[in-house]
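First up is the structure itself, then whatever we jot down about it.
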């Protein structure tokens with residue numbers, strides 16, 4: 001299974017380069033801060049974000065979206081990535097939060113859907129920085145109406161610094177699916193009928209930023225940024241968003257047998273934290289969705 005998934009990851013990355021050829025950072029995004037540290041490359045096909053001791057950088061989508069499939073190819077920086085964090089944020093003026101974060105060198109790059117205030121929504125997909133030779137930790141979380149505490153964490157089964165890989169979130173009215181190279185690693189279903197909050201109402205933008213997060217990112221902030229390695233640069237390609245509105249195929253997407261087997265394999269072999277099994281943190285018992293199907 002490990003060999004199969006490795007080959008699948010390589011094939012998926014290759015197909016992504018082809019299928020996302022129409023992606024255009026000039027057309028679809030705008031740089032929000034960084035004073036020249038964010039750069040659109042390759043005629044709009046790529047983008048880089050850099051961070052130094054003075055500032056990080058970021059960009060956002062030009063449009064708002066209510067539900068969608070969000071894909072981006074990212075290549076992480078090799079070596080000591082302790083404390084770094086990529087943010088891919090999605091929200092309407094920071095109104096609802098969707099995060100794809102990659103962390104290296106105590107920095108923070110985050111892909112995020114966000115809403116501000118006590119009732120904000122948020123979907124997090126983050127990579128927590130590592131020391132040289134240690135695996136990246138993929139951190140996922142879902143907030144709705146201001147309540148989160150739905151964390152699951154994973155170690156990747158490949159080296160995310162050796163090549164570009166595709167990180168995706170499918171957000172439909174029925175569920176949220178987190179995918180790596182088109183392999184599902186987590187499904188969070190809409191159990192609103194059982195009293196579990198789920199983000200369904202607020203259109204969002206996608207926000208991405210790279211910033212210093214050495215106060216918490218790696219080993220709880222114990223490992224600090226080594227600025228002698230700066231500037232730190234993250235690379236994006238093939239930023240793509242497709243609709244998951246009612247009536248689309250995406251809105252009713254379900255995992256087939258192969259996808260369910262891949263999800264089981266990832267969760268059995270690469271999950272390193274699951275809030276559903278953390279009795280010390282939740283002595284009152286697990287949340288309702290933890291007692292329902294993972295698919």
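Cβ coordinates are placed from backbone N, Cα and C, and glycine is handled just like the others.
Marked as active site, nucleophile by TrEMBL: 122. Among the features that TrEMBL reports, active site, proton donor is placed at 126. Here TrEMBL flags 19-236 as domain 'GH16'. Taken from TrEMBL, the feature N-linked glycosylation site covers 130. Residues or ranges marked as signal peptide by TrEMBL: 1-23.
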Per-residue Cβ crowding (10 Å cut-off), top of active-site residues 122, 126: 126
Confidence summary for the domain 'GH16' (19-236), mean pLDDT rounded: 78
